[in-house]
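S.K.: To start, I am sharing the structure in question, which I have written as structure tokens.
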Amino acid sequence: MCQSRVCVSLPVLIFVLRLGQKCMKCKEGTAILIIRVGDAFCRSCFKDYFVHKFRAMLGKNRVVYPGEKVLLAYSGGASSSAMIQQVQEGLSRDAPKKLRFVPGIVFVDEGAVCGQSLEEREVTLSKVQSVLQGTGFPFHIVRLEEVGSPGRVSRNYKQAVGRSMRHGPGEESQPQVLEKLAELSTADADAPSGTDTAPNSSFPAELTERLVQLFSSTKTLTAKQELLHTLRTHLILHTARGCGYSKVMSGESLTRLAVSLLSNISLGRGAFLPLDTGFSDGRYGDVLFIRPMREYSLKEIAFYNRLFSVSSIFIPTLDTKAPENSSIQRLTETFVTKLQADFPSTVSTVYRTSEKLNTCSAEDRQEDHLQERCLLCQCPLDTHAGELPASAFQATQVSENLSQQTKENCASRAETAGKTCCKQGQCSFPPPPPCRRAPGIMRLLCYSCRLTMKDLVISFSVEKAAESFTFTKSPFCGRG
Amino acid sequence: MSHGVCIISIQADAVNVLQTDNKMQRLTPQFSLYSAKSQAAGMLQVAAMPVSCSSCGTQRAALRRPKTGHSLCKSCFFWAFEEEIHHTIVSAQLFQPGERVGIGASGGKDSTVLAHVLKLLNGRYSYGLELLLVSVDEGISGYRDDSLETVKRNQQQYELPLKIVSYQELYGWTMDQIVKQVGLKNNCTFCGVFRRQALDRGAMMLGVNKICTGHNADDIAETVLMNFLRGDIARLRRCTAITTGSEGAIPRCKPLKYAYEKEIVLYAYFKKLDYFSTECIYSPNAYRGHARTFLKDLEALRPSAIMDIIHSGENLLVREDVKMPTQGTCSRCGYISSQALCKACVLLEGLNRGLPKLGIGKHHKLHHKLLSEEPLNERDMRKLKDF
């Protein structure tokens, strides 16, 4: 969501090229910027190009229907600001192909986990509020803390989920996910009594504290960023369901997507690349996430915002001012931007590579509603070892087992030390160590979310809490 | 000392700083061995208290496994490392009993460890394999001639037959001569393409059923990243496969696919294996260098990143409607190729015509001219020269 971090060094971009160069499109106006090598645009042609791209993206994919309620995810950054501006543009136009959906905006205040004081957060919120009021669209400002609030919002939410349950099982695990996430910060499974605080008034400090505790017990920034992303997505989803939106638009730009493609590969999320970065993401069933800004490079967005005075708000986030190698995401971002400077086709090549990928065997299993999904990211589990003859997942487990003191380990070692094997070659070597079952909550997670969970210091007590919670109160996966 | 890239060996009397080779210098700072010496405590993660091995629980730990983070003693590390490779071989069904298996041996750490471990496992688990070494002599003086000496010593040590094929005898060009003509910029393209074919030809001469190469987990992860960055969807799909080229060519497999480079170095070091560790004297592939540096940085942040990338690569699914190159055979030499002429033949033609750029970049349209041995017209020539 937040785009402002990918550095676009404005001075580097050539503003006025050769004196008097003409726009390559209309051949009349004076060119004011070069988008790609050789493509010089004048101001008005650039605007047409930008606006057309947005509408073409929606027109090409045809997933938003007239009259539908669409929630625009706003982060304050350049991309989502430009996205909102494009929606305004599209709705206000008298042109025959006017956009015909009904927009609303959601802003998630993440100040608590980014180390901001209440005062700082209030300042940010008032800025956001004034910007959003200016749009004339209904808007929802939610705080990240609400993800753990079993209060008013969640109750509405549960009803909403109850309604949406007809769309298919799998979704009903949602409230449990949220509640479980809430439990993460407290070792005791006692849910605090509900609060009826409106999202905008001051929030119980207790919830903030729990959230902060959760993040401070996470060892790595990599995991924190993953966790924040998951929580934020759940909260947006939750808001969309609670308020009856059936689509969510999020404003990831081309540059941002290229970065997240590479960082997701590094995080072990290869199977989910099409879901995480594709145009539409239907993993939640009833609410579809779409990414209409995915073909704009950050440079285009930065220039559009500058030329047509679209304001954005700078809000520090988890990795603001963090060193280059503080997290996998941050490192990838630096890597991609540096490579892009030397090889200008990097970002678009990465993007086009991703376009050729497909969701992991989800197609053939789509019918199967009981397909196991990751508790955190809701992607189909990619941890079915044994299906592949040899896999990285299996190999890691074998390594773990062999490096630890286990009975089978010692036994098999003593055995092989003495005698040679029976059947030549096809030797049924002590069958790949019957991998210890991943404990508790881990087996409900996908490969990548397991890595994130491993970085949670308190995960053990959490698992216990979550497990008792899960199996005493309600079943987690499917069949409610 | 500041980068912590040296190995601190655990001698009783002195903290012995080994001068590490070029490749090792790219390894990251967490490359730590336990040492009882308090002097090194600042640099190593744990030093003062002896740590016991997490596998046997009795011996003192000698190293921290880069792959899992466990502290192991030497013998448990050897055991784990070998068993993992055995597990890979068995679960991926790499070999059948009675097969002749060629090991691509360069004299470097990966292939030396591969030859050592395969020989060892072949005995321990009675695979019933006949192992042979195949080496390629690229003709790089000051580099390959030295490393081939290592391979020859390995041949003695492991008592395996060795076959050396040279670029000179296969193509009539040595790398030294090629570099003289093309310069340092694209010479890796020539070397890489020729080596692939040379290895196959050497293997065919020996009549082997399979070739094993020493590609390790780091290499695979790096290749996944590279192919993604270059948009090479066909290679992206097959680069994580443990066995490749089963139809037509001699199948190749990578038993060290899940072994970390760092662990291979540790294994070779502790086993005191005789290997050659110098970078090629001709400049390495620059673009791969970016991916490599990035991977090492990732590994420093999260050691499992290498396996995570391989996991990602294994689970990528390419859309069915994406066009893939079709595999055919080269009409000149009969080697597998997706074009009328294989890359090696095009490169060779370029060298022989004095137009080395012929094989760099895409000039498919010229292939029919090359095949019919027509002279190139002026326009083509100009294109190849300005390139």
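A Cβ is built for glycine as well, from the same backbone N, Cα and C atoms used for every other residue.
Straight from TrEMBL, here's the annotation block:
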- B:101-279: domain 'tRNA(Ile)-lysidine/2-thiocytidine synthase N-terminal' (DOMAIN)
- B:Gly104, B:Ala105, B:Ser106, B:Asp110, B:Val136, B:Gly214, B:Asp219: ATP binding site (BINDING)
- B:328-358: domain 'Cytoplasmic tRNA 2-thiolation protein 1 C-terminal' (DOMAIN)
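Burial and contacts for the listed features, if you can.
M.R.: Predicted-model confidence for the domain 'tRNA(Ile)-lysidine/2-thiocytidine synthase N-terminal' (B:101-279) is 90, expressed as mean pLDDT.
Taking the Cβ of B:Gly214 (ATP binding site) as centre and 10 Å as the limit, one finds 22 other Cβ atoms among all the protein chains shown.
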S.K.: Taking the Cβ of B:Ser106 (ATP binding site) as centre, how many other Cβ atoms lie within 10 Å?
M.R.: 21
S.K.: Please classify the secondary structure at B:Asp110 (ATP binding site) using three-state DSSP.
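M.R.: The three-state answer is helix.
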S.K.: Helix, strand or coil: which one is B:Ala105 (ATP binding site) in, per DSSP?
M.R.: coil
S.K.: Record lists B:Gly104, B:Ala105, B:Ser106, B:Asp110, B:Val136, B:Gly214, B:Asp219 as binding ATP; longest Cα-Cα distance in Å?
M.R.: 20
S.K.: By the DSSP assignment reduced to helix, strand and coil, which category contains B:Gly214 (ATP binding site)?
M.R.: coil
S.K.: List every residue in the same chain as B:Asp219 (ATP binding site), at least 6 positions away in sequence, whose Cβ is under 8 Å from its Cβ.
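M.R.: Listed in sequence order: B:Glu261.
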S.K.: For B:Gly104 (ATP binding site), just count the other CB atoms lying within 10 A of its CB, please.
M.R.: 22
